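Single-structure report; data block below.
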Amino acid sequence: MTRPKTFFDISIGGKPQGRIVFELYNDIVPKTAENFLKLCEGNAGMAKTKPDVPLSYKGSIFHRVIKDFMCQFGDFTNFNGTGGESIYDEKFEDENFTVKHDKPFLLSMANAGPNTNGSQAFITCVPTPHLDGKHVVFGEVIQGKRIVRLIENQQCDQENNKPLRDVKIDDCGVLPDDYQVPENAEATPTDEYGDNYEDVLKQDEKVDLKNFDTVLKAIETVKNIGTEQFKKQNYSVALEKYVKCDKFLKEYFPEDLEKEQIEKINQLKVSIPLNIAICALKLKDYKQVLVASSEVLYAEAADEKAKAKALYRRGLAYYHVNDTDMALNDLEMATTFQPNDAAILKAIHNTKLKRKQQNEKAKKSLSKMFS
């Protein structure tokens with residue numbers, strides 16, 4: 001018996017990411033596999049609870065994602081985990097629990113208790129043996145595992161685990177029986193700026209976390225792309241690349257580095273947040289400026305010049321959010337490291353002027369209240 005193959009074409013935040021291909025265990029759980037296949041095919045009719053909504057995954061989202069656990073989808077009626085329907089009726093029974101949750105990238109039915117299967121399902125990110133005997137495994141991912149990891153690593157709402165950017169199933173369908181997974185299917189695609197690294201270091205086949213040189217190459221390659229885009233005034237892309245480098249640094253903490261290697265990493269922990277801060281300033285993302293600049297001030301390798309830059313950029317952020325007291329505090333502190341810096345001195349002058357205007361405005365408001 002040939003196992004059928006279906007696909008999801010995924011976008012994140014409106015940006016296409018590629019295709020996930022599933023192989024369905026129709027030889028083990030034929031009814032459950034058929035349900036999923038028909039929902040991918042999209043021609044099984046309309047939902048009973050919402051007659052204007054087709055029984056199809058197309059256009060629905062991954063509404064619940066928990067890192068190191070699973071990515072859940074399939075609520076095409078309510079988009080929040082409370083809806084969805086099977087092709088048989090709203091719910092159908094647990095077919096069997098033959099296949100165990102013993103590895104990542106398995107496809108398993110979500111439910112609200114025994115015999116409540118509908119259209120919602122999830123992809124495992126790790127082995128989840130505590131789900132054995134409770135959820136029906138009916139397939140696995142055979143292509144697009146890097147996309148599953150990308151979904152897994154999305155920032156999510158802390159209350160409901162919904163990705164902050166929509167992870168959408170733009171299209172879905174059934175593939176020919178003779179479909180073969182391309183040899184380079186899991187290779188990281190190179191984006192239009194030349195970046196071919198995954199968002200997570202440990203998930204990139206080009207990177208060996210035990211090999212310092214491969215880690216450093218990843219960080220410096222992406223950093224250089226960010227700098228190139230900054231020079232072209234493409235600040236949003238530059239910021240994206242610098243933030244990616246920052247994530248690389250924060251997930252890399254080996255214990256056996258040589259002194260010279262430690263110094264290189266520590267220098268990057270200064271230069272990259274400084275770059276994030278200046279990009280964020282250009283984009284008026286002042287909250288990010290405050291966070292990145294503060295990281296520099298706590299960095300072990302930050303010298304006087306770096307501290308002056310961090311205080312200056314943080315001071316400007318405070319200025320733009322109208323906290324002139326904090327702005328002056330930072331800017332004047334910056335002069336202790338760079339006393340003759342014209343940009344810092346100009347910022348101090350502007351901040352004092354702004355504070356004076358704020359005080360005058362406050363006095364006028366008070367006088368009106370008591371007049």
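Each Cβ is built from the backbone N, Cα and C atoms, and glycine gets one as well.
According to Swiss-Prot, the feature domain 'PPIase cyclophilin-type' maps to 7-174, an assignment based on sequence analysis.
Marked as repeat 'TPR 1' by Swiss-Prot: 219-252. DSSP labels the residues of the repeat 'TPR 1' (219-252) in these numbers: 29 helix, 0 strand, 5 coil.
The repeat 'TPR 2' annotation in Swiss-Prot covers 270-303. Long-range contacts of the repeat 'TPR 2' (270-303) within the same chain, counting only residues at least 6 positions beyond its ends with a Cβ under 8 Å from a Cβ of the stretch, are 223, 226-227, 230, 235-236, 238-239, 242-243, 245-246, 249, 263, 309-311, 313-314, 316-318, 320-321.
Feature annotation from Swiss-Prot assigns repeat 'TPR 3' to 308-341. In this model, the repeat 'TPR 3' (308-341) carries an average pLDDT of 98.
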Beyond a gap of at least 6 residues from its ends, the CB atoms lying under 8 Å from the repeat 'TPR 1' (219-252) belong to 193-195, 197, 199-202, 209, 265, 268-269, 271-273, 275-276, 278-280, 282-283, 285, 288, 292
The repeat 'TPR 3' (308-341) - residue tally per DSSP class, helix then strand then coil:
25 helix, 0 strand, 9 coil
Tally the residues of the repeat 'TPR 2' (270-303) by DSSP class, grouping H, G and I as helix, E and B as strand, and everything else as coil.
26 helix, 0 strand, 8 coil
